[in-house]
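Visitor: This structure is in C-alpha cells; I'll ask about it shortly.
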Amino acid sequence: MRKITQAISAVCLLFALNSSAVALASSPSPLNPGTNVARLAEQAPIHWVSVAQIENSLAGRPPMAVGFDIDDTVLFSSPGFWRGKKTFSPESEDYLKNPVFWEKMNNGWDEFSIPKEVARQLIDMHVRRGDAIFFVTGRSPTKTETVSKTLADNFHIPATNMNPVIFAGDKPGQNTKSQWLQDKNIRIFYGDSDNDITAARDVGARGIRILRASNSTYKPLPQAGAFGEEVIVNSEY
C-alpha cells in the first residue's frame, strides 16, 4: 500500500512540474516581449515624401533658390560638437557660447563630419535642375571658415550653383534664419529642427523636414511632422 501511495505522489509531482514548465514557456518573458505584424507595420500618420516625389513636384518649374540647414541636415556633425563639449565644457552646454569652439568648428572640425546620403540625393537633384544652393546655419559666424569648401567638395556642387555658407547665429527669442531666407528669396528650405520649418513658413517658403539621426548629440529629438510639413523618408542618414 505504501509503494502505491508513493507512486501516486511521484506521478502527481511530475504532473505539477510539467504544468509549471508549460506555463512558464507560454508566458511572455520580460526580456523577450515579442511583437506582432500590426506593431511592425505601424507608421506615424505624417506627410512622408521621397526625394523622387519632391523632384516630380518641381517638374516644369524654372530654377529657383533652395536652402539647407547644415548640422543634422546635410552633415552628421556630432563628432565635432562632442569634441567641443568634452574640451570646453564637459558638464554644460556653455561651449556653444565659446568663440574658440566656433573657430575650430568652422575651420576644420567638419573634416570629422559625415555627409548624409539624403543630402547627397537632394543636392544632386537640385544641381540637375539648375537651382541656386544656399546653406543657412545657426552656427555663430567666425572671421574665417572652411565649411563652404567642405560642403562644395563633399557634395560635388559646381561653382555656378554654390553660394557661401550663411552663418545666421543664434539669438534668444528670434529665428535668425527667417530674414536670410527672405533676403535670398529661398523657395524651399530643408532642415531637421522646428526652427528650420518655422523659418520657411515665416517667409512663405516650402519647409521640408529631414530626420535627425537618433545618435545625434543634439537632444531632444524633434517631433518630425508636428507642423504638418513634409518629412523625407529614410532621411536620418
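Cβ atoms are placed via backbone N, Cα and C, with glycine included.
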Visitor: Which candidate from Lys97, Lys104, Lys177 does Swiss-Prot annotate alongside Thr137, Gly138 at the substrate binding site?
Guide: Lys177
Visitor: For the Mg(2+) site that Swiss-Prot describes with Asp69, Asp71, which of these is also annotated: Asp192, Asp194, Asp202?
Guide: Asp192
Visitor: Which ones are near Asp71 (Mg(2+) binding site): of the binding-site residues Thr137, Gly138, Lys177, which have a Cα within 10 Å?
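Guide: Passing the 10 Å Cα cut: Thr137, Gly138.
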Visitor: Which one is it: of the recorded positions Asp69, Thr137, Gly138, Lys177, whose Cα lies the shortest distance from the Cα of Asp192 (Mg(2+) binding site)?
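Guide: Answer for the nearest of the recorded positions: Asp69.
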Visitor: If you measure from the Cα of Asp69 (active site, nucleophile), which of the binding-site residues Thr137, Gly138, Lys177 is the nearest?
Guide: Thr137
Visitor: Can you check which residues sit near Thr137 (substrate binding site), meaning Cβ under 8 Å from its Cβ, same chain, 6 or more apart in sequence, and list them in order?
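Guide: Correct list: Asp69, Ile70, Asp71, Val147, Val165, Ile166, Phe167, Ala168.
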Visitor: To test your reading of the Mg(2+) site: which residues beyond Asp69, Asp71, Asp192, same chain only, put their Cβ within 8 Å of the Cβ centroid of those residues?
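Guide: Apart from the listed residues, the neighbours are Ile70, Asp72, Thr73, Val74, Thr137, Gly138, Gly191, Ser193, Asp196, Ile210, Arg212.
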